[in-house]
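Listed in Swiss-Prot for this protein:
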DISULFID  Cys148-Cys162  disulfide bond
CARBOHYD  Asn86  N-linked glycosylation site
CARBOHYD  Asn161  N-linked glycosylation site
SIGNAL    1-20  signal peptide
TOPO_DOM  21-239  topological domain 'Extracellular'
TOPO_DOM  265-272  topological domain 'Cytoplasmic'
TOPO_DOM  292-306  topological domain 'Extracellular'
TOPO_DOM  329-456  topological domain 'Cytoplasmic'
TOPO_DOM  481-493  topological domain 'Extracellular'
TRANSMEM  240-264  transmembrane segment
TRANSMEM  273-291  transmembrane segment
TRANSMEM  307-328  transmembrane segment
TRANSMEM  457-480  transmembrane segment
Amino acid sequence: MARAPLGVLLLLGLLGRGVGKNEELRLYHHLFNNYDPGSRPVREPEDTVTISLKVTLTNLISLNEKEETLTTSVWIGIDWQDYRLNYSKDDFGGIETLRVPSELVWLPEIVLENNIDGQFGVAYDANVLVYEGGSVTWLPPAIYRSVCAVEVTYFPFDWQNCSLIFRSQTYNAEEVEFTFAVDNDGKTINKIDIDTEAYTENGEWAIDFCPGVIRRHHGGATDGPGETDVIYSLIIRRKPLFYVINIIVPCVLISGLVLLAYFLPAQAGGQKCTVSINVLLAQTVFLFLIAQKIPETSLSVPLLGRFLIFVMVVATLIVMNCVIVLNVSQRTPTTHAMSPRLRHVLLELLPRLLGSPPPPEAPRAASPPRRASSVGLLLRAEELILKKPRSELVFEGQRHRQGTWTAAFCQSLGAAAPEVRCCVDAVNFVAESTRDQEATGEEVSDWVRMGNALDNICFWAALVLFSVGSSLIFLGAYFNRVPDLPYAPCIQP
């Protein structure tokens, strides 16, 4: 007994469903009998079909800088009026919306003009919604790959302006007129609409502005009806954190190592050149990585590339400086003569200006033990040669100091033994050689000090050049910001 009411209800439901289906089928036959999807929905040939357009961005997939290609995922909302599809829901069981395949209805054939892969149309032919009163809505999804001219001047602190240009493929400006859609509040949606709930944020790019504009042009024919383009500008700003962590910070640290070459001794020119050249090679690797990322263009040089070239120039100058300092430090008095002016500037003036400590003074040697005077040695020699007692020789020496000479003493000096003369000559030679070696050592030490002074000067010059140059290069990126355009942000906070 309990199953009977249940069966009756099920039968009534099926009958009701069948009646509803018949009404929809009847509406379909009513609308599409003698309907031609190839003709425009106008009563007169000179009438214009008004197309309301709305573009909703769901995902900014990527921007390939190398190929200058922007890949986006969008929904294209298209609304228009077709008087041939006009009906009243009261005549067809209260049906407000009829869904029909898109190939059965006239379409404005909107395509993306600046696509790069030849896919002008949409990705999926969704059904067309026909509403009471002849209003038609088509909302197909599409994945577009469009051309985007990449400006690499401030890479990786750059922003790009990529455009999506829509137009009707077969209809001119007199046959089809484009307008922007309006929201529920009656405001015109003259920008790319972004649904924050469905939008997937890109990890590399942030969208700042996405205004739209409708432009009518003649396409080269001044007397023709012209064409209408709907241009959406997608102004995106790069998020530079990835490049700062993986390229800029390692590059700055490696470039700073070239300054450590100045902390090596001036005579270690080979080691200093090795350090500088290794840094130069590392910078070349970073420059190669950047060249693989940016497009092959000669219009501008990227900011990071300018920084690497600048640091490579500094490293090259440091290598040249190391060679010059090594050449100066290895000079000797036999090959080069030091001018007094150069000595004054590099050894006296510049150390005082740079605050360098003066060279340490050589410790004074302790006074040697008192030796016998040369007069005593001569007296002993005369005593042996002349066979005279020491008292007489001393007396003759006193007379010599008083200005009187004896012929015997002069004859004794003339007849001095050859052995004594050889010893005196040897002593004089040793003394003269010692004086020459001391003078040569002092001059060699002056050349080494001059090399150290040049090294010190070049260190401060390289430090100032590296710091100021790097700051000026990256300071340009700070001022490269998206201009304050008179548009509302795409993504409202």
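From the backbone N, Cα and C atoms, a Cβ is placed for every residue, glycine too.
Keep in mind it's a predicted model, so treat the numbers as computed, not measured.
According to DSSP, the topological domain 'Extracellular' (292-306) comprises 6 helix, 0 strand, 9 coil. Within the topological domain 'Cytoplasmic' (265-272), the DSSP-based counts of helix, strand and coil residues read 4 helix, 0 strand, 4 coil. Cα to Cα, Cys148 (disulfide bond) and Asn161 (N-linked glycosylation site) are separated by 8 Å. Taking only the Cα positions, the spacing between Cys162 (disulfide bond) and Asn86 (N-linked glycosylation site) is 40 angstrom.
Counting residues 6+ beyond its ends, the topological domain 'Extracellular' (292-306) has Cβ neighbours under 8 Å at 65-68, 150-158, 243, 247-248, 251, 473-474, 476-477 in the same chain. Sequence-distant neighbours of the topological domain 'Cytoplasmic' (265-272) (same chain, 6+ residues past either end, Cβ-Cβ under 8 Å): 318, 322-323, 325-326, 328-330, 448, 451-452, 454-455. Neighbour density for Cys148 (disulfide bond): within 10 A of its CB lie 24 other CB atoms from the protein chains shown. Cα to Cα, Asn86 (N-linked glycosylation site) and Asn161 (N-linked glycosylation site) are separated by 42 Å. Around Asn161 (N-linked glycosylation site), the C-beta neighbours below 8 angstroms that are at least 6 residues distant in the chain are Ser233, Leu234, Ile235.
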